[in-house]
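Asker: Have a look at this one.
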Amino acid sequence: MTIDQFNFAGKKAFVRVDFNVPLDENFNITDDNRMRAALPTLKKILADGGSIIIGSHLGRPKGPADKFSLKHILKHLSELLGVEVQFANDCMGEEAAVKAAALQPGEVLLLENLRFYAEEEGKPRGLAEDATDEEKAAAKKAVKESQKEFTKKLASYADCYVNDAFGTAHRAHASTALIAKYFDKDNKMFGYLMEKEVKAVDKVLNDIKRPFTAIMGGSKVSSKIEIIENLLSKVDNLIIAGGMTYTFTKAMGGKIGISICEDDKLDLALDLMKKAKEKGVNMVLAVDAKIADAFSNDANTKFCPVDEIPDGWEGLDIGPKTEEIFADVIKNSKTILWNGPTGVFEFENFTHGSRAVGEAIVEATKNGAFSLVGGGDSVACVNKFGLASGVSYVSTGGGALLEAIEGKVLPGIAAINE
Ligand code: 3PG
């Protein structure tokens, strides 16, 4: 069931969102996209005459810690929603229960970080380093047991459950998955954001318009093996970009200087190339690189063939010939997935390749292609270059998007559908 089929008038909704947003040292939010992305769902509930209990995590705390408190986002959330959002200093306990019970239509309560409790993740904390296997097993059993009470308590705050936390949908946690079983099928649903994300993933996995091009960046091929393998049976073109380029180049016998490389993954790189060939996938690799004599924005730079990088130099971005080749493939595509920049885009002098890829995607999108950008740094890239509005969809998911594209069933999605 989708949120549009539900009337929230007089109902209390527990809405799991992913407000895991980056904060600077003064606790200012440096990127509020995930908060903005949840607004349509929150506003629909309020417009219907419902009230909301918001649950989220922030970071990976190992217990209560001011640094990870959701109070830091309270003011901004109130501004975005246009409603004075209340706050419960603890997601469990008296305060949360009393405030949730007293909520009136149109009111919103934000609960403190759910991960202040080990029960949210269902993993034991504080185990001694020398704990025996039995002690570990007992601690695991204990937290799984208390997780039931924790989950039940969260569920007791509301009449219905809405999951709009796509960014956390790959975690089988209390508030993202287990809680769903405390609501019958007519009272649990996805929010608008979740719906949009799932549809976007579907367009690159199932409803593919060809040619389909995936641009995979990132420094390590090892962290992208499963996704690349799954994509090999879907894509027409697979562009390999970013640091993992050099593992491929070295595997083929090229000279890569001191470029980043996973020496134990050379065979894997060759194997992926072989698989691509067998499947008729056009694997597109860089032919030239922008190289630097230090890992620094101010290093000396020059361009050279990607397999002729001199000793003491490292590739930090693609070169102009590669930009042209990549852009050409992208502009001729009808479905595009971009995950990971072409170079060290945090350094201004090595952003050119990523910008060129982003611009080619925008042009293809103008010509009717569907483009999905997601997974951490590529999102930061399109935002940095002001290209976000020119692509079809920018995902709020990092790991969740990657797991979805690997073809995995995400627990947060399965729990609603069960
Ligand atoms: C993310 O930022 O990818 C999500 O909020 C999930 O966070 P996690 O990796 O700590 O579970």
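Note that Cβ sites are derived from N, Cα and C of the backbone, with glycine treated the same way.
All TrEMBL annotations are machine predictions without curation.
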Asker: Which one of Arg34, Arg125 goes with Asp18, Phe19, Asn20, His57, Leu58, Gly59, Arg60, Arg115, Arg171 at the substrate site, as TrEMBL has it?
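Answerer: Of the residues offered, the record points to Arg34.
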Asker: In terms of DSSP three-state secondary structure, what is the assignment for Glu346 (ATP binding site)?
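Answerer: Once the DSSP labels are grouped into three classes, Glu346 (ATP binding site) ends up as coil.
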Asker: Relative to the mean position of the Cβ atoms of Asp18, Phe19, Asn20, Arg34, His57, Leu58, Gly59, Arg60, Arg115, Arg171, the recorded substrate site, which additional same-chain residues have Cβ within 8 Å?
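Answerer: For the substrate site the neighbour list reads Ser56, Asn113, Gly167, Thr168.
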Asker: As a check: which entries in Arg115, Glu346, Ser378, the binding-site residues, place their Cβ less than 6 Å from an atom of ligand 1?
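Answerer: Correct list: empty, so none.
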Asker: By CA distance, which of the binding-site residues (Lys224, Gly315, Asp377) lies nearest to Arg34 ((2R)-3-phosphoglycerate binding site)?
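Answerer: With Cα distances computed to Arg34 ((2R)-3-phosphoglycerate binding site), the winner among Lys224, Gly315, Asp377 is Asp377.
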Asker: Can you tell me how spread out the substrate site is, meaning the largest CA to CA distance among Asp18, Phe19, Asn20, Arg34, His57, Leu58, Gly59, Arg60, Arg115, Arg171, in Å?
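Answerer: So the binding residues stretch over 18 Å, Cα to Cα.
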